[in-house]
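Now, the feature entries from TrEMBL:
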type     : residues : note
TRANSMEM : 24-50    : transmembrane segment
DOMAIN   : 42-293   : domain 'G-protein coupled receptors family 1 profile'
TRANSMEM : 62-88    : transmembrane segment
TRANSMEM : 100-121  : transmembrane segment
TRANSMEM : 142-164  : transmembrane segment
TRANSMEM : 197-222  : transmembrane segment
TRANSMEM : 243-264  : transmembrane segment
TRANSMEM : 276-295  : transmembrane segment
Amino acid sequence: WDSNGSFHQPSAFLMMGIPGLEALHPWISIPFCALYLAALSGNCVILFIIRRTPSLHEPMYYFLSMLAVTDLGLALCTLPTTLGLLWFDVRRIAFDACLAQMYFIHILSFIESSVLLAMAFDRFVAISHPLRHPAILTRATVLKIGLAIVLRGMVSLLPIPFLLKRLSYCGRTELSHSFCFHPDIMNLACADIKVNVFYGMIILLSTVGMDFVFIVLSYILIIRTVVSLATKEECLKALNTCVSHICAVLVFFIPMIALSMIHRFGKNLPPLVNTLVAYTYLIIPPALNPVIYSIKSTHIREALLRALCRKRG
């Protein structure tokens with residue numbers, strides 16, 4: 001502990017694994033390893049295919065590349081501490097390292113939310129204004145959108161580590177997960193956390209919350225456009241281009257909303273529920289998104305098959 005008058009700051013926090021199943025951590029690590037391997041290899045394959053296939057150099061796949069990079073970052077943020085705890089029972093994480101991990105986890109989550117919104121906008125323009133799509137979403141425009149997404153996440157979350165460092169901690173050092181999460185750290189403080197709660201809620205609602213609202217609005221407009229199409233075949237073809245994105249949105253937003261609600265209102269829920277939702281939120285989307293897009297995207301699937309055939313040849 002570092003003490004300065006009435007100010008107390010722990011030198012480290014203690015991370016938690018799966019509550020009640022600590023003896024089974026070596027076995028539990030097997031599915032976790034499989035998910036991390038799927039996330040790392042799947043997203044690397046997506047990036048490799050898009051880079052090597054000129055026909056995929058268009059806005060939809062540029063945004064998919066951003067999503068893959070973000071998912072790689074999320075997986076790499078939690079992999080060392082999660083597998084370190086499950087394999088070697090390494091529970092200790094330094095205070096500053098915890099704040100750094102928390103900052104990057106939240107930044108990447110916000111970036112993923114924004115990328116999903118950009119992909120929804122791309123689908124809206126492609127379906128509602130197909131002739132204007134190349135002129136609206138040029139390569140330069142996509143690059144500007146990507147930079148704006150990164151800057152929004154970095155700037156909006158920059159105060160969070162400093163707001164946590166100003167708090168006084170007095171005894172409890174056990175986190176609820178094998179990674180650092182803002183509400184989790186905040187609740188260990190014995191000082192007034194109203195500023196942290198208020199700022200966290202405002203940022204969450206003004207970024208991820210607004211992203212989700214605009215995604216829903218995009219699909220309302222897409223459905224209205226699709227309904228006006230002449231034939232049923234055209235309608236189904238247009239909607240089919242959105243299936244992968246809809247799945248990615250659901251896989252990301254449902255666990256994220258559930259975890260936010262649990263941290264704020266689910267104090268009486270069993271710890272195991274909180275832990276499972278947290279792992280679902282941070283590990284499942286990076287592992288599933290490459291699978292979703294490989295299965296539903298004909299272009300990705302064909303490019304993958306061509307790459308495999310060239311290797312065999």
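Residue numbering: from 1, along the chain as shown.
Each residue, glycine too, has its Cβ placed from N, Cα and C.
The stretch in 24-50, 100-121, 197-222, 276-295 that contributes the largest number of Cβ pairs under 8 Å to the transmembrane segment (243-264) is 276-295. Non-local neighbours of the transmembrane segment (142-164) in the same chain are 59, 62-63, 66, 99-100, 102-103, 106-108, 110-111, 114-115, 118, 182, 185-186, 189, 195-196, 199-200, 203, 206-207; each lies 6+ residues outside the stretch with a CB under 8 Å from one of its CB atoms. Long-range neighbours of the transmembrane segment (24-50) within the same chain, counting only residues 6 or more positions beyond its ends whose Cβ lies under 8 Å from a Cβ of the stretch, are 17-18, 56-57, 61-62, 64-65, 68-69, 71-72, 74-76, 79, 82-83, 85-87, 89, 279, 283-284, 286-287, 289-291, 293-294, 300, 303-304, 307. For the domain 'G-protein coupled receptors family 1 profile' (42-293), the model's average pLDDT works out to 92.
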